[in-house]
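**Q** I am attaching a structure below and will ask some questions about it afterwards.
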Amino acid sequence: MYIPVKRTLSDRHDDNVMLDVFLAFQFIGGIGNIAMLLTAIFSRRVIRHSTWLNFCVTWVIFSISYTLLFFAGQQRSSLQTAYPLCLTQASLIYGAPVLVAYASVSLVAQVALSARALILFKIHKPSPYQTLLLLIVPYILWFSAVIAALVSGVKFPETVSRNFDDGGLYCEITTGIPGRIVAVLVGIALVLAFTLEIMLGVTLRKNWAAFEGHHSKLPMSMIIRVAVFVGVSVLAFSTVFVFLSRQFSVSNVVLSLLPFFSFVTFATQKDLLSVWTFRPHP
């Protein structure tokens, strides 16, 4: 059961600072990913695989999930959020890490398949079923996590609330069950992504001469960016333990930085920057 503690003026000031930082990074990351997505869709100079486009979409969903109270006009309210809205956000935020984690796995898998095809001197044309699988699996697992959290919140409505002792940034479910489900699913995703990265690195190292002559079709910069992002995500998503430990303060900052970092990692690619700055294609 949630038992409130007495808050001082200093505590409330710190909460406001934390809220501003949390929202700022979420919005920059979400809007940035929308900008990358729209640029890749409408600009002929920026060509991206559907798994990359989907990767951007999932980070937008991630940011919206964590800022839902802001859009509902309840973010700075000192009162408990209405149960339906609170349950909706709580369910979404437990599903969001699962969605982006498996979208990352799909992106790494697509890059690995493309690199392997280039090494074998083949034109990589994945079957529609392969692409569909890479796109739909993250949403199936996301939906499963959301439903699990929703069922838990409906069964134990007294556990659905905002923890104002930790700033009340978003709604949560205090039973711990949704958190354990998220921890397991995200943990599996990170192991898969890291394993695929290692396999890709070993493959490139053994076949560098074959890949080097065709890397323009799969820029090395893209491989490096994906590898860096996955590496940082492994460290960042390790903070998923917060769903179990109930120690939120540091992890809230990390959660807000993830969509921002995904934007910065991929927005610095030359073709995107050339479109945004109206420069000739590099």
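Here the Cβ of each residue, glycine as well, is placed from N, Cα and C on the backbone.
Bear in mind that TrEMBL entries carry predicted annotations, made automatically and left uncurated.
Pulled these from TrEMBL:
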type	residues	note
TRANSMEM	21-40	transmembrane segment
TRANSMEM	52-72	transmembrane segment
TRANSMEM	92-119	transmembrane segment
TRANSMEM	131-154	transmembrane segment
TRANSMEM	181-202	transmembrane segment
TRANSMEM	223-244	transmembrane segment
TRANSMEM	250-268	transmembrane segment
**Q** Please work out which recorded stretch in 21-40, 52-72, 181-202, 250-268 has the most C-beta pairs separated by under 8 angstroms from the transmembrane segment (131-154)?
**A** 181-202
**Q** Which residues of the same chain, at least 6 past either end of the transmembrane segment (21-40), have a Cβ under 8 Å from a Cβ in it?
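**A** Result: 46-48, 52-53, 56-57, 59-60, 62-64, 66-67, 70, 75, 167, 169, 252-253, 255-264, 266-267, 272, 275-276.
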